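What Swiss-Prot records for ASP129, SER436 is active site, and it gives sequence analysis as the kind of evidence. Sequence annotations record features per position, and here Swiss-Prot assigns UDP-alpha-D-glucose binding site to LYS99, GLU100 based on similarity to another entry. Swiss-Prot lists ASN38, ASN317 with the feature N-linked glycosylation site, giving sequence analysis as the kind of evidence. Residues or ranges marked as transmembrane segment by Swiss-Prot: 14-34, 42-62, 478-498, 508-528, 546-566, 581-601, 636-656, 669-689.
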Amino acid sequence: MSPHNTCTLQITRALLSRLHILFHSALVASVFYYRFSNFSSGPAWALMTFAELTLAFIWALTQAFRWRPVVRAVFGPEEIDPAQLPGLDVFICTADPRKEPVMEVMNSVVSALALDYPAEKLAVYLSDDGGSPLTREVIREAAVFGKYWVGFCGKYNVKTRCPEAYFSSFCDGERVDHNQDYLNDELSVKSKFEAFKKYVQKASEDATKCIVVNDRPSCVEIIHDSKQNGEGEVKMPLLVYVAREKRPGFNHHAKAGAINTLLRVSGLLSNSPFFLVLDCDMYCNDPTSARQAMCFHLDPKLAPSLAFVQYPQIFYNTSKNDIYDGQARAAFKTKYQGMDGLRGPVMSGTGYFLKRKALYGKPHDQDELLREQPTKAFGSSKIFIASLGENTCVALKGLSKDELLQETQKLAACTYESNTLWGSEVGYSYDCLLESTYCGYLLHCKGWISVYLYPKKPCFLGCATVDMNDAMLQIMKWTSGLIGVGISKFSPFTYAMSRISIMQSLCYAYFAFSGLFAVFFLIYGVVLPYSLLQGVPLFPKAGDPWLLAFAGVFISSLLQHLYEVLSSGETVKAWWNEQRIWIIKSITACLFGLLDAMLNKIGVLKASFRLTNKAVDKQKLDKYEKGRFDFQGAQMFMVPLMILVVFNLVSFFGGLRRTVIHKNYEDMFAQLFLSLFILALSYPIMEEIVRKARKGRS
């Protein structure tokens, strides 16, 4: 059966968005007409005008996402003839077993091994950038358990193929109405899984194993060779452990360098035309995800220029009261659909199926570098260069397994990329620490397209951050990296405009400059309460027709956001939480990310990779599920937040007192209202501040 996919334009949503753009633009124009007509009203007025110009600039960029939203669907992926399916490699990257629990990593590995895909066409690679003895030891045991698990899943067509998730209470509904053979086999595989977990737990307690080794030679080990699957045995995919060489003082280019190493190593061992990239804490939740992606990659209309299929990041541990917006609803349920209606979504850090050759050339000439300067582009390995050609099987024929492994050690060496185009024109770029986002941007600029699929059943599930510090560190990292791109020679306003559509350029410009929200909120957060405290009016008085323009912009923005939240299946409470966390992120993570990018630009700081802690603390999780903010470890971010919250609280009551005394209610009405609105949003933060203060005194 031929793969089938559909792309449906969301006509109602697009029409409403375009009408809103016209209406809101008229209101914004009215506001600025009023501001500039009264521009001589003092420095506070000028600062407020500048802040509003910044906000209007970002708002204008955002409208590109709303111009042509589409929804895609696939049909009959499970009916695709296995002979039609191309080879697929799965790349899973881990870096530190202390921050990325090794049991979570192994669940991701085992779930990938159990994908509904021909075993002889599937290969799973684990990149251990920490070179940890623990990870290498445990993956061998994972392969032993994996053979039982893959066999069990295939025999009974198990839908949830992450063992940890399958044996949890979430999957009780899947384990009913089965015969005795199933129950016996399930009991057997469960006992093996429990034994595996105990083994991992005991090994993790050994301090000599749970370490990161930053001075080491390269190591490539075939944990399980799919070619050795015997007749009548469970067919399990190729499983490979890779720890590239690392030496002190050498720039290893973080995750981008790790994936480029995997590209070379896998090029000799499996050389699949497509690969899936997964975060180490994100497991395969739907075994048909690869087949669904192939419904696009095998489509003759899309295939020649299609670089990647992107799935949303969905998390199993986000609560209904998602105070940190861990699910990133605005991105995955609004913005990505909007970009998909242009030439495709931005590449996320995980859950995407990418065409290997897209990283080596352009859609119209994928082999240009291979043909014109193979050694300069791809390095000195003749065997690897041979693997890039059309006759790969012929090129590698006659090489023994030991010879291939010896060559992979060379490909994983830290000096292999010296004087080559790796990291610039070949593979993932090293110009930005946000390797996937930047890679997707460059692919679009080369002429490639992408598609976005948001199926009803999540194809991949991960673990979201559940405390303030980790959530803000993540946003700070993204802001710094994206601002860095925005002010570089690859800025969407210069580099992209001549290579992709204006609308898509504006989408990327939004990602690059959304950190400027910090400027708007910092000015508003200081000037507005200060002027209220001093009795200086910054808005038209109550009853003045010009106030309707300001009120219109405010209400129009809130209603647009509310519509998007409700239409994506969320609640009013989710809308309120998003309003709050938007402000918090802007005056904390975006502010520090902006400063970090500026310091990197002038050379005061050097950009460094910050690994997010993925180990979940039960106490923090309990706070998160109760809707309480956790400020532990987030002192750096809390300083500007607490100062502005307390300042706004003091200025509101001080300004209200002054207004009552002077009876200038009409002049100060708008400022009092905005201050009260911010206080309402800030209430949970003030509550946590008071709670911590009481706890500190007791």
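Cβ from N, Cα, C; glycine included.
The CA atom of LYS99 (UDP-alpha-D-glucose binding site) is located 13 Å away from the CA atom of ASP129 (active site). Fewest Cβ neighbours within 10 Å among the recorded positions ASN38, SER436: that distinction goes to ASN38.
Annotated pair ASP129 (active site) and ASN317 (N-linked glycosylation site), C-alpha to C-alpha distance, rounded: 26 Å. By the Cβ criterion (under 8 Å, sequence separation of 6 or more), the transmembrane segment (14-34) is in contact with the transmembrane segment (546-566), since 3+ such pairs are found. For the pair GLU100 (UDP-alpha-D-glucose binding site) and ASN38 (N-linked glycosylation site), the C-alpha distance works out to 56 angstrom. For the recorded site, ASN38 (N-linked glycosylation site), the DSSP three-state label reads coil. Nonlocal intrachain contacts for the transmembrane segment (478-498), taken as residues 6+ away from its ends with a CB within less than 8 angstroms of a stretch CB, comprise 431-434, 437-438, 441-442, 444-445, 504-506, 508-509, 511-515, 589-590, 592-594, 596-598, 600-601, 607.
Sequence-remote contacts of a segment are chain residues at least 6 beyond its ends whose Cβ falls under 8 Å from one of its Cβ atoms, and for the transmembrane segment (42-62) they are 24, 28, 31-32, 35-36, 506-507, 509-510, 513-514, 516-517, 519-520, 523-524, 527-528, 530-531, 536, 538, 557.
Cα of ASN317 (N-linked glycosylation site) to Cα of SER436 (active site): a distance of 24 Å.
Secondary structure at SER436 (active site), taken from DSSP and collapsed to helix, strand or coil, is helix. Its Cβ placed at the centre, LYS99 (UDP-alpha-D-glucose binding site) has 15 other Cβ atoms within 10 Å. ASP129 (active site): 24 other CB atoms within 10 A of its CB, across all protein chains.
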